[in-house]
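What follows is a single structure, written as structure tokens, with notes after it.
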């Protein structure tokens, strides 16, 4: 940070304005330290600290104010340099000073540095306290180090530091981020035994851990326990519980919880509504999903891209492609910008409705909206070509994937083979099946079954078993002729691949111009 970022007369973040004539001293020091930038030379920092060493010795709170200000301005390295310079200048460093620096590292998620400083306290003359451990555990939580967070929690008692609500909340949050719902649940349950009162943060983290682990029953047990302890749930807690219902396809419970939030004095926000809409989507309740989306403005809650994407997904699952596209059109009016998930859901809706022209139109619009199509987008568009048997368009789309940074997957080829079957193009279907191994894509039972169906649709029963067996020997281990339809068993075993089958995918630029406008 340079001097231009600290206007004259303005105080940096972390220094309060008081009438105390000495208050300018830490504010001035903080301003000079911030002006050095995030990575100053050690002598620059020591120069500023040395000029204030005597005053900080008699006023240690001034040093604390500077260290806390550096933490709030996300300058952990500078804070550590200040602490080192203080000690070099014979300014006694207290546990409060160390905690301020550990907290500075914690705010930035620099868990290695936080643990290193905590270890230095053990080796020195300053013993860490509960706040020291809590700050270090918070750093581990932000850094996704749940094992280290639990290790610190266990070591606190050995060091005569009593874990409190903050300690357990930090460890539970670390377990939640690490996908360890069993450990999070266990820690939450043992808090009363350890004389630590569960609070909003610990309950919310444990419920969220169960939600991520798809354990909606445990999430609801925790939510009930929270109400039993008279700990008021907030929007974060309720949203986590609603999301747990969504994972468990419990849309009725999700709606009931959303409706009960006013009674619990918890204000529903966009996250709460989005979770409830997603629960309706998972439960195939597209009407209710649309009702919730429509009711959000009445509750002074603005629908966002997540809200619309979830509602479009509900319409897709309900076979309501017209409504899905209508929602997509209405997003700009609601100041919501569609993303790749929104377009993918809309494309899937077109796929379900067999609207291949609309699917291609959406695919073409994605780059115009600065959204890069992904393999799921292309797969949905290819599948949309199936009902109409538009195999040429499907092949163009498959080639289009090759031309981008996206690689076709098994679903891409299976969808294209299915379109060829619908279009009675058994030769192309076999060529696609053969191309899969060349593209390092392993065919599965669906691949062989679709190719088999294409042969049968083309009246080439006698080719089925031999050709598919030959391709199978080249591509897949573990699949035997028993995986193929039994009716193919009567096919001849002495046929060879038909020379009329194309050996590569077409790259006709005319098709691309006709169907994709590119």
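Cβ atoms are placed via backbone N, Cα and C, with glycine included.
Annotation comment: TrEMBL describes 1-25 as region 'Disordered'.
The feature repeat 'PPR' is assigned by TrEMBL to 94-128 (among others). Within the chain carrying the repeat 'PPR' (94-128), a Cβ under 8 angstroms from the stretch's Cβ atoms is held by residues 60, 63-64, 67-68, 70-72, 74-76, 79-80, 83, 86, 135-136, 138-140, 142-143, 145, 148, 159, 161, all 6 or more beyond its ends.
Sequence annotations record features per position, and here TrEMBL assigns repeat 'PPR' to 129-163 (among others). Under 8 Å from some Cβ of the repeat 'PPR' (129-163) lie the Cβ atoms of residues 95, 98-99, 102-103, 105-106, 109-112, 114-115, 118, 121-122, 170-171, 173-175, 177-178, 180, 183, 194, 196, all in the same chain and six or more residues away from its ends.
The annotation repeat 'PPR' is assigned in TrEMBL to 164-198 (among others). Under DSSP, the residues of the repeat 'PPR' (164-198) split into helix, strand and coil as follows: 26 helix, 0 strand, 9 coil.
The average pLDDT computed over the repeat 'PPR' (304-338) stands at 96. Taken from TrEMBL, the feature repeat 'PPR' covers 304-338 (among others).
Summarising the annotation, TrEMBL assigns repeat 'PPR' to 339-373 (among others). With a threshold of 8 Å between CB atoms, the same-chain residues lying at least 6 positions outside the repeat 'PPR' (339-373) that come near it are 305, 308-309, 312-313, 315-316, 319-322, 324-325, 328, 331, 380-381, 383-388, 390, 393, 397, 404, 406, 515-518.
Among the features that TrEMBL reports, repeat 'PPR' is placed at 374-408 (among others).
If you look up TrEMBL, you'll see 409-443 (among others) marked as repeat 'PPR'.
The helix, strand and coil residue counts that DSSP assigns across the repeat 'PPR' (374-408) are 23 helix, 0 strand, 12 coil.
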